[in-house]
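Asks: Residues or ranges marked as domain 'Anoctamin dimerisation' by TrEMBL: 38-258. Residues or ranges marked as domain 'Anoctamin transmembrane' in TrEMBL: 261-851. Marked as transmembrane segment by TrEMBL: 272-297, 350-370, 434-461, 481-502, 645-668, 702-721, 816-837.
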Amino acid sequence: LVLELNQVIIPTYGTVPDQQNLHTAEWVDFDDKPDSLFFSDGQRRIDFVLVYEDESKKITHKRSDRKNHKRKRQVYESNLINNGLQLEATRSVLDEKLIFVKVHAPWEVLCTYAEVMHIKLPLQHNDLKTRDSAFNWFSRFFKVDENIIKPEQEFFTAPFQKEHLTNFYIHDKDTFFNPATRSRIVHFILSRVEYATKNNVKKFGINKLLDTGIYKAAFPLHDSNFKHLSTDPNCPNERYLLYREWAHPKNIFKLQPLDFIRKYYGEKIGIYFAWLGFYTNMLTVAAVVGVGCFLYGCLTKDNCTWSQEVCDPNIGGNIIMCPQCDKVCTYWNLTITCESSKKLCIFDSFGTLVFAVFMGIWVTLFLEFWKRRQAELEYEWDTVEYLEQEEQIRPEYEARCTHVVMNEITQQEEHVPYTACGKCIRMTFCTSAIFFWILLIIASVIGIIVYRLSVFLVFSATLSQHLSGTEAIRKYLTPQTATSVTASVISFVVIMILNIIYEKVAILITDFELPRTQTDYENSLTTKMFLFQFVNYYSSCFYIAFFKGKFVGHPGNPVYWLGKYRNEECDPGGCLLELTTQLAIIVGGKAIWNNIQEVLLPLVKNLIGRYSAAARSEKVVPRWEEDYHLQPIGKLGLFYEYLEMVIQFGFVTLFVASFPLAPLLALINNMLEIRLDAWKLTTQFRRMVPQKAQDIGAWQPILQGIAILAVVTNAMIIAFTSDMIPRLVYYWSFSVPPYGSHSSHTMKGYINSTLSIFNISDFKNASKPFSPWFGNQTTCRQVSNKHLYRDLRYPPGHQHQYEHNIYYWHVIAAKLAFIIVMEHVIYFVKFIISYAIPDVSQKTKSKVKREKYLTQKLLHENDLKVVKKNMGKIADKVTKVTKGADSTFRPKAE
């Protein structure tokens, strides 16, 4: 195999041939067959297409640049031909400047590189019996019609070896390597062929040629139009079938044809849609429970005693609250929070606690069952040993391997791109850059907080004047609401801008790291991007949930930011409702932005290109030119699809205690997202280069980290952001003697007992309000630095006036106890579930072992037959030689 690697890969970095020795592509004219997937001879299949602009017709570049580009392209194409590929060039039908170079890989090239790449190919039909699931009778109503998309045949597979060619199931040489495998092999060659040498540094690979503009595009072909069947009778029309049975909106409730998706787009695309479909199915259970908890809150809100007290004119109507900012803010009546308190009863109920505990268990079930499903797909799609056997070194890594080190395992010399010291320097630089950007996000969050503090004063002074005659608007557009909404919008804009900048920075940092394989590259980039996105998306939510309104002091001694801005308090509706508002704006804005960016922009670009091309010509356009006018897949591929779903997963799990309907909204979004992504891939984008993937990569540990963090955040939201713990403490301890005056446990009097009293004569001059006082009263109630309706302090005149009272310390103790108990109970249940559900089912383990056994047996028996056959021939020859020798030497012996 090492010799084979030297014979195949090393020549791709050989010397650049002289001008007179350059091989060129064969030029042909378009044969007016728009659906043809073959060269002009109708025999050789088009495995890849390269597109460039004829240098002689360019007018925007210098002559020297055009000549240099042409030379590099000619050398590159000549080296492709030297490596066994066959090229055919055709000029564009619509734009005479464009040249399409079609690439075909002959049988020998496919076999050679299939062995180099350790590609698994079929040996014989899979004879393992499969038992139907007990739910098959139900799921068949949602499956794709097997008469339209036929189930894929199952084979035992093994890494391809040319010397064992006869062992493999070769029914037809033209179909033994399917189109996805052929394209993958050709792309492997394209990525490693040299086109220039400068200062003893080899330049190679189609990616660099695309970046420098020497080629405009490189892509495999779609096999047909997605709207109608191909005119070629031999075309499988897989794209058409995918659109009809998968991407079309009518299939929103159907199961996905995952095997067919994997066959057409490769394992990486297949595993993404398998994960997204599995996540969406699991969301169904969470959505049902979430809706149940929401309905429970709606049904019990009328029995919410503390809300009734707030809305009661004789109770809440007689309570005057202190101003929430210095000077410009006015005194306000507690009854203005009546509507907010009613809404709060829906979300801040016992059902929320039940749902938070349920989601902590649900997320564990989701991850554990996904591991099992992933293990099944690894077996079915032949990726069980992919990372160890098939994955190749990135060409960018290979080109930098100039340092020699000793391998600790093989005790042989090997080439690496940097020394241990160089690796440390790279890691230090990259880590510093990441932390710098995270600090930049934190700085932007602090900027938003300062904006909140400063603008709140402006809104407090101006809104009451401009809206003096519109009570309906004043009821809902409070200074707190206006500040919260505008800050959320600004936060969203800042998030989007930083995303665009950081994407480029993260790619540069990862390129500088120089990961060894494509999986290492993607995992490294994923980790960097998610750390950034995590802080970017969730920082404002964490601020509202755990910091806002928690450290405000009291009216006589408020806490200031930077010595100037008074720390902001929660909206009259409470921080829990404000957190829900923040989530709605970020999630909703993000969904709209992603749809515009991912769907609308490619659609508009394709429509403009299509209409402009139609205006120029009514000629028949070949398949490769139609595909060229589709949008290219970005360098990050599926990264943003995963990121969108993982960020959503974080919102669904981390802050679910503030919004039980989040799983329902996520479920509806994902049902549309699956078909939207499918429609986008099938109709708006060029066909992606099929890639292998064993799992969802670095996203798996990220999901596990979010699941662990979600238990903590939900416990803290219930303890510190919601009103549940103080209500329970009052009900069980402070509503009855010795602290209360009621004869039995009740919620009556809760509001009055949880609002502290402040004497307005104790106001400092810097914070004393301008507005007149209500009547002749001399005290006001303080808004909580823990929640809207409570601040548990001793009244004026007490020996410990304005200090926290015993109720406060009971509540703090109860909150800490609740967090500890809830975390430990959920983590214990998570541990039990993880232990009880193995990552790989016994059924899958048996299949893998059976396949290995039969594969080894088959290869061994075939080898043994060859050896016996050869030994038989040798034995016959030996017998003949022996007989001849006996007849020759016998007379002399006698």
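In case you wondered, yes, glycine gets a Cβ from its N, Cα and C as well.
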Asks: Taking the transmembrane segment (272-297) as the reference, which of 350-370, 434-461, 481-502, 645-668, 702-721 gives the largest number of Cβ pairs under 8 angstroms?
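Replies: Of the candidates 350-370, 434-461, 481-502, 645-668, 702-721, 645-668 scores highest.
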Asks: Below 8 Å between Cβ atoms, which of the listed ranges 350-370, 434-461, 481-502, 645-668 makes the most pairs with the transmembrane segment (816-837)?
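Replies: It is 350-370, which has the most Cβ pairs under 8 Å.
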Asks: Can we call the transmembrane segment (645-668) and the transmembrane segment (350-370) in contact, meaning three or more C-beta pairs below 8 angstroms at a sequence separation of 6+?
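Replies: Result for the transmembrane segment (645-668) with the transmembrane segment (350-370) is yes.
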Asks: Across the whole of the domain 'Anoctamin dimerisation' (38-258), what does the mean pLDDT come to? Round it, please.
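Replies: A mean pLDDT of 86 is what the model gives the domain 'Anoctamin dimerisation' (38-258).
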